[in-house]
């Protein structure tokens, strides 16, 4: 089969480059690099492409935005604010919205892209977590991811404050109120951040340089590192036919994956444009200019800060004075909600791969990911954490909930105070049970086959439904299951002296946790969890002869 | 553990070798992507070509999509020229025209590429080997040796003077950028906790008079006799500082008119002429303006985190995360009948901070607010 | 439960009103006497008929909760002496009164069938005759086209948005109370609400916020609520909560669907 000729211009350029860079060797290794296919593997790309859209639209915005808190009288084209005093930053944001062609579109796309950037990171992270794709050798990339998420929150916070409208100012005020509550350093931090007392005249330009230079620079570096590591370590794959920890099955980078990635970039860009066109976001002209004296009902942060807002709202009014009149005020009703949930979530994320490895003693490389049901404790912990986050997030909007659902604002808080502790526990138990149930279902399908819908009468008169073996690819997907490892010597089954590492109180705890966390709960091949022994249902019928081979 | 050893097409060697062609040695002058005719292998395992009918159909659909992108792109440029902005309605039109043409262009392009991949390109199921990330033992040993050898050659291990002075040299350089940040803060930074304790309410005006309360938004002073409807409120700022944001961030007041019998013991009646009470509007939680006033319950609600204060009872906290009441400002009526501040807040207004201490106890000792 | 008791209460109340109106006619007559001076003032301004008609309306529809002489009934309704005609116009024309279902707060609803410009004027005249109070603003005072939007916006942000939100969408208050949306309110009702302070709302009297300033605020409120949303759908104009929902539900769903389409296995033609 002829594959044709390379056009002269491309041939010439490529040789030029190869002579100087040795690109050929790199291309030889990588042009046909194989990428596995699964829709959930594209979720991280939402964040990646949103970031590119953010860079593009953000650059456009910087051409017109004036990061200055200088007091000006607005004389622009939005009538209801004409003659009103405001900061130059707010006035220039109004100008972008009403006096620059495409300015409103770019502003709205920038904001929607920011929301999708964080949302994309979150769903990507959840995918990686629930499938265990963070395991060795990918722990470092996971840590980079946690860093990226933290930076994205900061980037969002600084960007949200720039237009200097009444809503963003409320966010800034809360930021200041939280920062100043920190023990010992709080006043120092705020006076250095704001160049004096709040709000001062410096914070917009300082946030501006953080928002357009420092944080995006670090983000760009970390994203590159994230990509390079992914490239070098090769993508994980779902369990399935022919897929092992020693190979990667899928489509080649050139041309298929490249085209798919390009298409997905265009989709992301397109959906952001769609939202920017048809859904109004952050209508700053309606909020009015910032003054610390005013506030609107329903002042909320963007969604990714909602859980902090919710935590602040849930707290009872605790405050202690350590040294009487000498100082040492600890406003616990600010400190605890501002630091603890964020700390639990971010530290928990960062530590999880290492904690899991410590508990399971699993030091192998993993390239085939788990189905969430096959590591029920991990899945339950994840859902439990999501519930904790979700309750706080929901309570961050309790005034809107109360308003829309016509329930008492105070009761949303009381209920939230209970739910934030109870709901994660319930979520844990329920998820764990569901996972085991799903495992049982898998075992039943492997053991008995799937119901074919064909009813057959046996010679002695009994009617049975014919079970046929599951389709090969589905069976292979199920058989990708692997017992969660336990430490050697952990658990009840072991006898004799425990290994050295498992002695002592911490060692015994580790052994206990290992036994609880790991192990095979529902073995696939004798998975007759429903009680009756191995019968011949599966052996009867069309699939009887090629019953799944025992693996 | 079960192994996934289903039989599938395992190509004899790694695919990249086959597809790129075989430039066996990079002889100078051999172009990377030579312009000569090449022939690929007739059939590669794991690459299922589309049948021609599907490919043809895919080509047509993709071409249609790309054409749509072309037209929408032109529409975008035309919209830019055709729709001017400069007021709300024209901005709306421009946004709709630009945005929808851009959306169509991008989504059509995306769809076209997907159709191209799915219907024209082959169906791939290529297999590549993975290798352990870890280097083999020999390499590790080599690296370890070389590292030690290099360290020894450089002398850093043998010559402590060199090592220590290098470390000493680096330390101040590393601190230098931090030192540079010092001027981010205020120049008179030594007394900043003091600044948080004081507002302009405690200062006399330039004329040496007590500072009047003025209405936020109009700047008009308030005659006590005019503010006479029970259940009335006002957002109030200090005279002369109507647009000073730093001052507003701690001095803004919420002024409430009560019937005298409604006031409870928490409120200092000496500071409530004619049942008019002034509280700091800045929430003691994290500083939002606590401004929602319910005249039926006398509750002041902060919209940010729902701290609720009982305005009739010294603005004590009745719900929510705020830990301290909103400070009450001592006010009186001046000779001309206007409301003025007679002193600063007895305690610092706004959110708590470390150096604040038990300001309430301090104020009680001074005999101020109960 | 409220609904049930209210359902019972309603017909009973009508009986009570009927009985009281018939049986105690003379009694009310004597009680009305002390207010004759104020009634005289009303007569002087040519509204005596209105007062008499208003009184009848009051007895039929309001007195069960507010008392036969608007003196109020404990736990049912406040006294209305001195609330003024503006209060009556606001409460009745917005359908809040008569209240059928006592809860945390009287909701805006379709006004009762007997409510029209005349009956409201009569009822208002009667209440005004009892003890004075804020009067109904003139058409001139509430003419949004004569106000200065920008100035009004400043006052609106200083005094209103903390409860009613930045465009007047409303918001939650404590214990099930709420600040209602300003969208359905007429210019006159907005003005009346400011001077009378209905329910939990505080009062903004004319000597502090002048009628001109109130007209500016009305101009801003009316202008903003009629104003186009140049960026597309308004998402309820309540800020980032709905924006976050749309980003997740619309944005991420569309992108997930796209991902599924891109990676879906395509059945190969044989």
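Cβ atoms are placed via backbone N, Cα and C, with glycine included.
Whatever TrEMBL says is automated annotation, not expert-curated.
The stretch that TrEMBL tags with transmembrane segment, taken from the ranges C:225-244, C:245-264, is C:245-264. Checking the binding-site residues C:62, C:65, C:66, C:160, C:163 against chain B with a Cβ-Cβ cut-off under 8 Å leaves C:163. Taking Cβ pairs closer than 8 Å, the transmembrane segment (C:245-264) reaches residues 235 in its own chain, all 6 or more past its ends.
Annotated heme c 1 site C:62, C:65, C:66; additional same-chain residues within 8 Å of its Cβ mean position, judged by their own Cβ, are C:58, C:61, C:63, C:64, C:67, C:70, C:73, C:76, C:77, C:80, C:97, C:98. Note: the CA-CA distance between residue C:163 (heme c 2 binding site) and residue C:66 (heme c 1 binding site) rounds to 28 Å. Using a CB-CB cutoff of under 8 Å against chain A, the binding-site residues that qualify from C:65, C:66, C:164 are C:164.
A coil conformation is recorded for residue C:62 (heme c 1 binding site) in the three-state DSSP classification, outside any helix or strand. Confidence across the domain 'Cytochrome c' (C:49-131), taken as the mean pLDDT and rounded to a whole number, stands at 86.
The binding-site residues considered are C:62, C:65, C:160, C:163; of these, C:65 has the fewest other C-beta atoms within 10 angstroms of its C-beta. Fewest other C-beta atoms within 10 Å: among the binding-site residues C:66, C:164, that description fits C:66.
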